[in-house]
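Engineer: Please see the structure below; I have some questions.
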Amino acid sequence: MSHRILCVAFCVCSLVAVSSIYSPPFNHPIVYSNNAICFQLSTWRIPQLYLAVLIRRFDLSLSTRGVMLAVTVGVGSSQHHSQRSGLSLTFAMTPSMITLLVKTCVISQRTAVGEPHRPGWVWEVGRTEDETCHAHSPRGAPCHQGRIPLYSAAVESVDQIQVAVRFAQRHRLRLVVRNTGHDTAGRSSGSDSFQIHCHRMKQIEYHDNFRALGSDIDRGPAVSVGAGVTLGEMYARGARDGWVVVGGECPTVGAAGGFLQGGGVSSFHSFIDGLAVDNVLEFEVVTAKGDVVVANDHQNPDIFWALRGGGGGTFGIVTRATMRVHLNSPVCVSEVAVSGLRNNSLLWTKGITGLFSILRSFNQQGIPGQFILRPLSKDQVNASLTLYSLNTDDTRRSAENMLSIRNILESTTLPFTLASRCLPKISDALRKGPDMLPVNYGIITGSVLVSEDLFNSEEGPLHLAKQLEHFPMGPMDLLFTSNLGGNVSANTGKKHRDTSMHPGWRQAAHLINFVRSVSTPTAHEKARSLEELHSVQMRQLYDIEPDFRVSYRNLGDPLESDAAQVYWGPNYKRLLEIKRKWDPEDLFFSQLGVGSEGWTEDQMCKRQQRLQQMLQYLMSSIAQRVYR
């Protein structure tokens, strides 16, 4: 109850300022300097006044559409002294105003609470200052706003998103789009911003035989999901009804947001049925103008192409995505692991090289797998390989696979473990629950593709093992692969494979992902971890294959200096043209996204000179010729 009273008091105090304001500086939202065109920063430096105006305007013009404005605060703000504002508590309010603000503040508390499986504190703090507090920080610690958006519109329908988008466009607000906030590069947060939160849009609709708008071709069974549906919710529905989709390993990730629009990789299913974007049949999108459009091969094909790999929060807000479903068939899973001292050369030249050789051999037989490397201590590491024989529950074949694996590993003289099980459904092999992580645990990530040419070469497995032998990893770090090749690279010329992903994806055998832990919740530790990831670990990952520099944007280096080329390559030129067509004023902004080079680092100022953008455009044109 005390939290609610404090929250109401905060919101109520903010409204007092309304009486002293005739009109906020909405009509003059842009200021000019020698180097940039910026949002009106003075507006954001008095958030209590702006909050009052926003609540009033939402109450008067938006509440009739059911849009609720929420005040978003740090995870630990309810337990600590907030530095967001220093407002007086003397005022008078009507009962209806109190009711509105109680609802608003309760929403804000719920949306800001951290969860053990969402290590998001890294992108609440600033790059150089500890600007927010955490649930387990000292009780007397001050709480600041950090990179948490100031306000959030918790939407439940498409028309509510339209209202919120037009509101942001009209008042030139720095806009952030969020579903689960499951992002390791801070794309769903932003200082001094206005957030559209789509997590309540939970519609799931199955189609026996989907036909896209404007088409007379039946595309087979499919499922349409709302912007707030998670992979776990979709997996559960599919397990009940007998189908699966290509999705990631973490069930708390959103199904239609950044995961899908950034490409969508499965550790094993992509090898069989392609990337998630290869399976998209249609999007429903709210554009920067607030219009609703349907995008598929027949309607608005340009933005349909861009949304299949160009990244979330960039071209519009996807309110519904329709994708192919696949039979929830049986699968046999084989698991093998080796471990030993990190300085034991045999572990790398025989054990881990052996695992990569096994993976290569099984890939050539049409069986995908995932390699995982994790430290057990400062001196010991564990390497494991999980293989998925899909569309079979033949225990005899599984036993034969195990025997071939055993023969390879016994020749290494290293200790190993081996196990196998057959499951009636693929969905039984998918994770049901989220990661439960230590208190204040945060992560950042990096990734790189490995080409089929390298992986399938005679020296490929040994080369990978030797590259990883000296790869620096902390006690909570993790390195894992996602199996590409197969149907990711097959039939490249087919229309449904024409996505905006970097063309290198169609030439890759595996994606290597590195998860770098940030265990101490301070801006200093965050900055140190980011710099080490960028300057040390990512450099070593790119050195695996210097002439094949392609990365996965969804798990990319937050400090990536060549984003346009490593994420999109020759496709960037066309993506930028589509961005300018559908969002000419850059209402939608995504960190290291298409067009982001035109903005300053804090995302509040737009550079007057587009030299950097022109350079990226030129590099993309050159790359187009190389990949032809």
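Any Cβ shown, glycine's included, is placed from N, Cα and C.
The shown structure was predicted, so the numbers you read here are calculated from the model rather than taken from an experiment.
Got these off Swiss-Prot a minute ago, pasting:
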DOMAIN    144-328  domain 'FAD-binding PCMH-type'
CARBOHYD  Asn343  N-linked glycosylation site
CARBOHYD  Asn382  N-linked glycosylation site
CARBOHYD  Asn487  N-linked glycosylation site
MOD_RES   His182  pros-8alpha-FAD histidine
SIGNAL    1-20  signal peptide
Engineer: Among His182, Asn343, Asn487, these being the recorded positions, pick the one whose CA is nearest to that of Asn382 (N-linked glycosylation site).
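Structural biologist: That would be Asn343, nearest by Cα distance.
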Engineer: Please report the Cα separation of Asn343 (N-linked glycosylation site) and His182 (pros-8alpha-FAD histidine) in Å, rounded to an integer.
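Structural biologist: Pair distance, Cα basis, whole Å: 36 Å.
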Engineer: Please report how many Å separate the Cα atom of the residue listed as 'pros-8alpha-FAD histidine' from that of Asn487 (N-linked glycosylation site), as a whole number.
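Structural biologist: On Cα coordinates alone, these residues lie 27 Å apart.
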Engineer: Give the sequence-ordered list of residues that share a chain with Asn487 (N-linked glycosylation site), lie 6 or more positions from it, and have CB atoms under 8 Å from its CB.
Structural biologist: Ser270, Phe271, Ile272, Asp273, Gly274, Asp278
Engineer: Enter the number of other CB atoms within 10 angstroms of the CB of the residue listed as 'pros-8alpha-FAD histidine'.
Structural biologist: 23
Engineer: Quick one: among the glycosylation sites Asn343, Asn382, which has the most Cβ atoms sitting within 10 Å of its own Cβ?
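Structural biologist: That would be Asn382, with the most Cβ atoms nearby.
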Engineer: Work out the three-state DSSP category of Asn487 (N-linked glycosylation site).
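Structural biologist: In the DSSP reduction, Asn487 (N-linked glycosylation site) maps to helix.
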